[in-house]
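As recorded in Swiss-Prot:
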- 30-314: domain 'Protein kinase' (DOMAIN)
- 36, 37, 38, 39, 40, 41, 42, 43, 44, 57: ATP binding site (BINDING)
- 149: active site, proton acceptor (ACT_SITE)
- 392-648: domain 'PPM-type phosphatase' (DOMAIN)
- 428, 429: Mn(2+) 1 binding site (BINDING)
């Protein structure tokens, strides 16, 4: 693809330029299609650029620092030219749509290959992939660049499964890192916390001990991360966990260590991921290389030049010198074909299950027979004097410090066109987002279909039926091999509030919670279902489940879940039940607002603080929800955060405090 370059080929600031990469594109030259991946800093789309299928990375530019980072990233990316580095095809470096355009890599990321498809590469495949990546790192380091986020999620695979090092959002020139050292930062009069925030970057489980100690980043930190990556490629295990599935990573990781505990163990105790076991075809020299790469002392780690030499030597030992031509990848050589055959023998499988769509289909089926001309849960008596709240509602959700979002939620005011019936719910996924995504689509239709029962019973049955439907759907996909992880058992906590005239019904399984502000004070509408609760512990044991003290608290074994009720988690049924606890509350004029939130909020904020923050915020429910979530993130919440705020009486958005 040859694209026309319009002169002057610079960014809006004039600081970025290229002779071969277009830096500003007419809007007619590209089309964004569906999102491929979403993160806290960018969204990646499948796109069409000048008639070619590409990947478009659209950064989230909320501050001037974000914009500065975009230009630094563009300057660096324009200077990269190596067969093992993801190629920048074009960029749009002018407002309002700042974007990067890259080749589209058919097989996704190495992380997906290992932990979604559960690929088990041969030693030949491991060596080819690691050697190509080592040469990409060698190229960067020899050009004075430190990547700072080497991990399988940042390795892309083409249709032949050759690897390409990608995502240079954190990459920096070594000279720039040396210029911004701690002493210079202090002399500028700036708080040292800002220095550490700018320099302690990357992904925790791949970060070198010196970075966790908040020392300066060097190329030796990339080597440490590369050693972790090689071991992960050999074992198929997410670092510091005992399971293959990426979806289970944060659950298992948290079961053993908090972030602080893991940091201390890596830095002070020399903790490392479980080393691959020596097998018949696994040379000891490769394991020695891994251990050398993750040495605590950076000076004892090999350079990228030495890593390449060692991997070439190991390859010759394994494959023989007569096949040494496979080591160099050129676009049209026979060695490419042979190498591709070696790497690709596992097939091109991608998990295609869309759990939102699966839930939506089932929801439509469940609601077909619902009679909507009958008033839902209508009152048995006509009392004109009965208090009926006037609602306004809003929500906010953020992935917080997580790399992915596993919460979902919905807000349905005036359900089925009933003026006084409203439904709200939050689903907090664990071991993946599948259960949460499915449940958010299914539950409303099931609640509507159960309108012939009482409102409380409708909620209860809807939870149980949603759980059953999800587990059946998951099993069906397992049987049809559309879900490749046989040991994948996703689940979610759930909390739903059904407001019928002046009655508020709350159903809950898990550790999300809901409170009312009643006459200025918090009024609990639910309680958390945790293994630390003696009643819940006894119930689980009575149902045949196991509760064990694991690291720091009671948990449901063997999965290590803290919650004792959930939707999904089919490996823990029936002990981890989906039957919710139901509360019924009669509302009055004393009730000011309802707050529902996932545990990412409640982990760092108590009921009184939540009430106080809303009282001190403009009375717009979405704004209140956002303020609570951002405050929780600022306080160090390590989880996804979802908040729903429902005002129960008329309020003015100009009113800041009561």
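Cβ atoms here come from the backbone N, Cα and C positions, even for glycine.
Structural mapping of features recorded in Swiss-Prot.
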residue : record                : contacts (Cβ under 8 Å, 6+ apart)
36      : ATP binding site      : 44, 45, 46, 55
38      : ATP binding site      : 44, 405
40      : ATP binding site      : 60, 399, 403
42      : ATP binding site      : 57, 58, 59, 60, 169
428     : Mn(2+) 1 binding site : 406, 407, 436, 492, 493, 494, 510, 511, 512, 598, 599, 600, 640, 642
429     : Mn(2+) 1 binding site : 406, 407, 408, 435, 436, 437, 490, 491, 492
Residues 36, 37, 38, 39, 40, 41, 42, 43, 44, 57 binding ATP per the record - widest CA separation, whole Å:
14
Counting other Cβ atoms within 10 Å, pick out the least crowded of the recorded positions 44, 149.
44
Tell me, roughly as an integer, the mean pLDDT over the domain 'PPM-type phosphatase' (392-648).
92
Around the recorded ATP site, report the further residues of that chain (criterion: Cβ within 8 Å of the mean position of the Cβ atoms of 36, 37, 38, 39, 40, 41, 42, 43, 44, 57; site residues excluded), sequence-ordered.
35, 58
